[in-house]
Amino acid sequence: MSNSRQHQGHFARKRFGQNFLVDHGVIDAIVAAIRPERGERMVEIGPGLGALTGPVIARLATPGSPLHAVELDRDLIGRLEQRFGELLELHAGDALTFDFGSIARPGGEPSLRIIGNLPYNISSPLLFHLMSFAPVVIDQHFMLQNEVVERMVAEPGTKAFSRLSVMLQYRYVMDKLIDVPPESFQPPPKVDSAIVRMIPHAPHELPAVDPAVLGEVVTAAFSQRRKMLRNTLGGYRDLVDFDALGFDLARRAEDIGVDEYVRVAQAVASARASG
């Protein structure tokens with residue numbers, strides 16, 4: 001595979017994190033994992049040159065029910081419009097600020113499926129941005145840097161377990177599906193990639209906790225990974241009786257599961273509410 005940044009007459013732009021998928025075997029495997037069906041409400045993030053877009057449109061789109069796509073590169077938008085016409089509804093803009101809820105069906109029930117080969121340089125902030133739309137999302141299938149996927153699905157007590165693990169596992173059930181080597185792209189990235197499936201927890205499965213408070217607690221815990229929680233969460237001792245909570249502070253952040261972080265966040269929020 002050539003290392004050239006040019007593919008199909010388009011130069012991949014580093015500032016957009018562009019690496020175009022060209023391996024048809026991988027594309028077929030991704031489409032098989034997504035299983036798009038006619039009439040579904042689906043949006044693709046960063047369609048690029050349309051390698052995944054075309055096969056998905058063939059299974060999903062009709063003139064009255066197009067595939068939606070969010071694309072920042074205006075050069076690509078013109079090419080995509082010319083190629084797919086009314087079967088693709090393009091939204092020109094940055095996925096990091098895009099209102100994905102605007103594409104969901106009215107009523108607030110899960111109706112939206114999100115797919116994409118996410119730009120690796122913005123993957124973590126984009127995943128956090130998408131969390132706010134989880135109530136209207138059926139599922140998400142993303143190509144990501146393998147190291148990010150490993151952190152997303154990591155278990156407590158492992159080196160890969162991180163703030164990203166806790167926050168995403170709180171909101172989604174996630175599975176790593178497919179490993180994708182660098183040579184599947186043009187130009188090849190310097191890292192391995194993987195496909196991950198993310199299914200939001202149903203509302204009745206979600207713990208009653210303020211996500212902002214949970215994020216605050218988890219961020220504090222992981223702020224100094226090698227230090228004990230007595231140091232990183234020590235500032236909450238005025239609010240939380242950790243002994244009464246059965247929470248051992250003589251551990252490190254990566255040793256604590258999602259449920260325990262939720263309990264601490266609930267205690268913090270309760271203490272603040274009671275003044």
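Cβ coordinates come from backbone N, Cα and C, glycine included.
Annotation comment: Swiss-Prot describes ASN19, LEU21, GLY46, GLU71, ASP94, ASN117 as S-adenosyl-L-methionine binding site.
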Three-class DSSP secondary structure - LEU21 (S-adenosyl-L-methionine binding site): strand
Conformational class of ASP94 (S-adenosyl-L-methionine binding site) under the three-state DSSP mapping: coil
Recorded S-adenosyl-L-methionine site residues ASN19, LEU21, GLY46, GLU71, ASP94, ASN117, farthest C-alpha pair in Å: 20
Site of maximum Cβ density within 10 Å, from binding-site residues GLU71, ASP94: GLU71
For GLY46 (S-adenosyl-L-methionine binding site), the three-state class that DSSP assigns: coil
Residues satisfying Cβ distance under 8 Å from ASN117 (S-adenosyl-L-methionine binding site), sequence separation of at least 6: ASN19, LEU21, GLY46, GLY48, LEU52, PHE142, MET143
Which of ASN19, LEU21, GLY46, the listed binding-site residues, has fewest other Cβ atoms within 10 Å: LEU21
Local backbone state of GLU71 (S-adenosyl-L-methionine binding site), from DSSP in three classes: strand
